[in-house]
Amino acid sequence: MGTGIEMLSRKEQHNANKLHKRLRRLVGTAIADFNMIESGDRVMVCLSGGKDSYALLDILRSLQAHAATQFELIAVNLDQKQPGFPEHVLPNYLTSIGMPFRIVEQDTYSVVKRLIPEGKTTCSLCSRLRRGVLYRVADELGATKIALGHHRDDILETLLLNLFHGGKLKTMPPKLVSDDGKHIVIRPLAYCKEKDLAAYAEMENFPIIPCNLCGSQKNMQRQVVKEMLQQWDKKFPGRLENMFSSLQNIQPSHLLDSSLYDFHGLKTGNGPVVDGDRAFDPEPFEPGVEELLSLNKD
C-alpha cells in the first residue's frame, strides 16, 4: 500500500482499510475470473500518473505480496513531452516504494497537436500512438502481460459510446490480444468503481499528474456519457450495477445477430428457448401468478 493511510485519523484509517480490502478483493476476483495473471508472469503496469493507474499498481503490489501465484511487476510510464509535465514525480515516487520502473520518452504530443485540428478530440490518435510505443517496450522488457488501469465506469462508458455512436454492442474486454497479436492486455480494475478509486487515491495521497493534452476537452463524447452515467447513478441507485451485470448475462437468442444465434434453423419441437417470448419482466412474478400463467399455456 502507499504512504497516505498512515497519516489518517483512526476512523479515516478504518475506512481506508475497508476500501483497500474491497478493491483488492474486486481486483483479485477479476484476475481469477478471466485468468489475467499466471504463475511466472512479468506484468508491465502502464502508469500514467493518474489516480487509476496509481491505484492499479498499488493493489497489484499488495496482491503480489500475499498471493500464492508468483509474478513480477514493472511500472512503465510514457513521457509524451506534454508542456509542463513534471518529469521528476513518477521516478521519485517509484523509487520511494522500491518499484522497478522504466520511463520512456517519446514526443507523441507534438504529433497529435500537428495532426488533429484545434477543437477536435485527440484521444483516439493519442491512444493509438501510445499503444504502439507500449507494445514495443513490452517486447524489450520481456513482459508477458500488459496491465491497464481502465475500471468499471470506463467499460460502461465505452458500451454506451459504441451503442450511441458506433451501432455496436461492444465495450472494453477485461482481457484481449493486442493489435500486433503478440501481447496479452489485461484490465484488473474491471470490477472497480471510479469513485472508489478516486477515494482511495485521495486517501493514499498519490502524487497525481493531470493530463494537459485531453483533460480540458469537456465536450468530447466520452465526457458527455460519463456525466450522464454519474447522473443516473445518483438518480437511479443500482442502474449502473444492472448495466454492468448485463455484460455478463448475454442472451443471443433475444438479440438480432444471426451470426450468434441460428434464427434460420429455429423450429418447434426442440423445447422452449430460455425466457421464450418474454422480452422484459422487471421482477419475477409471485409463485401463484407463475402457476396460473403456466396453467393458461395448457
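Using N, Cα and C of the backbone, Cβ positions are placed for all residues, glycine too.
Note that the coordinates shown come from a computational prediction; the quantities given were computed from them, not determined experimentally.
In Swiss-Prot this protein carries:
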{"type": "BINDING", "residues": "Cys123, Cys126, Cys214", "note": "[4Fe-4S] cluster binding site"}
{"type": "MOTIF", "residues": "48-53", "note": "motif 'PP-loop motif'"}
Just counting, how many other CB atoms are there within 10 A of the CB of Cys126 ([4Fe-4S] cluster binding site)? 20
Do you know the DSSP helix, strand and coil residue counts for the motif 'PP-loop motif' (48-53)? 3 helix, 0 strand, 3 coil
